[in-house]
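A quick write-up on the structure given underneath.
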Amino acid sequence: MESTLGAGIVIAEALQNQLAWLENVWLWITFLGDPKILFLFYFPAAYYASRRVGIAVLWISLITEWLNLIFKWFLFGDRPFWWVHESGYYSQAPAQVHQFPSSCETGPGSPSGHCMITGAALWPIMTALSSQVATRARSRWVRVMPSLAYCTFLLAVGLSRIFILAHFPHQVLAGLITGAVLGWLMTPRVPMERELSFYGLTALALMLGTSLIYWTLFTLGLDLSWSISLAFKWCERPEWIHVDSRPFASLSRDSGAALGLGIALHSPCYAQVRRAQLGNGQKIACLVLAMGLLGPLDWLGHPPQISLFYIFNFLKYTLWPCLVLALVPWAVHMFSAQEAPPIHSS
């Protein structure tokens, strides 16, 4: 395994030295591949284009992110930014690599969450676009464009994770394969508009299941905070370590989103706009308004105490689906109805 990890450092070193001029591009790509962006941008954008696809993106994101957390606890993968120091291989001749503000994630490294979660969650978008293109284009090359864009983007995300020393190549490959398989398996099986208890029990199962696994491993003598200690030890700047990269931050996001999805689907606002046919202008207005609400909503997720952060993060991602699915479309629909001119009979 050490030889595999050493080869990964060589690849990261080559990327940083040969493609240093693309640094801002790699940082932007790793931002676009962040699982948080799936919840905060890809989900509303997909939802306002297609209700079914948007719900699929949110559901697959929260389930896959939870699975990624469990996989990481069992696989104990190192991250390059600390392994290059901990291994001792480079004490005589230090590797010519450096960290970035997004390098210092605190969870274990295998498999890559960016690749696995994003790969799975973007699968329904890719298949929906492929179906649309297939009905309108005769050229075979045009028909494969959505699949090609999907693969190209995920490959770029994987390379960006290697570039910033967040993952080794084999962790990226594992994430890409696992994400594509999960996306393929889950897309046809996404629950649509189930009873509220289903979503509440899903959120409860995510929290209780994680707690059971955590305390079982802890009882067996496994220290699941080992990666947090290494991240604090070897990160070049303390301000680069963000609390939302901790494992339980993703759990609060996933369980909150599951509960919020159920509340949104059973809200009076959603019932009013469920069968309304919003025009393209109204859909764009919904997306712009939802993105505008991100600022005050994001403020909820950053209290100084770690326990309060988890609580507020849960509430934030519970509220977000309610805004996207119900409150924002309802507000736009009602405003548009008031602005529409009255119809006079002849």
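Count begins at 1; order follows the chain as displayed.
Here the Cβ of each residue, glycine as well, is placed from N, Cα and C on the backbone.
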If you check the topology given in Swiss-Prot, are Ala95 and Ser250 found on the same side of the membrane?
yes
Among 147-164, 198-218, 255-273, 308-328, the most Cβ pairs under 8 Å with the transmembrane segment (115-135) come from 147-164
Return the residues near Arg79 (substrate binding site) by Cβ distance under 8 Å, restricted to its own chain and a separation of at least 6 in sequence.
Glu105, Pro108, Gly109, Leu165, Ala166, His167, Phe168, Ser227, Leu230, Ala231
So are the transmembrane segment (255-273) and the transmembrane segment (198-218) touching or not, going by 3+ C-beta pairs under 8 A with a sequence gap of 6 or more?
yes
CB contacts under 8 angstroms to His114 (active site, proton donor), restricted to the same chain and 6+ apart in sequence, sorted by sequence, are Thr30, Gly33, Asp34, Pro35, Val157, Gly158, Arg161, Ala166, His167, Gly175
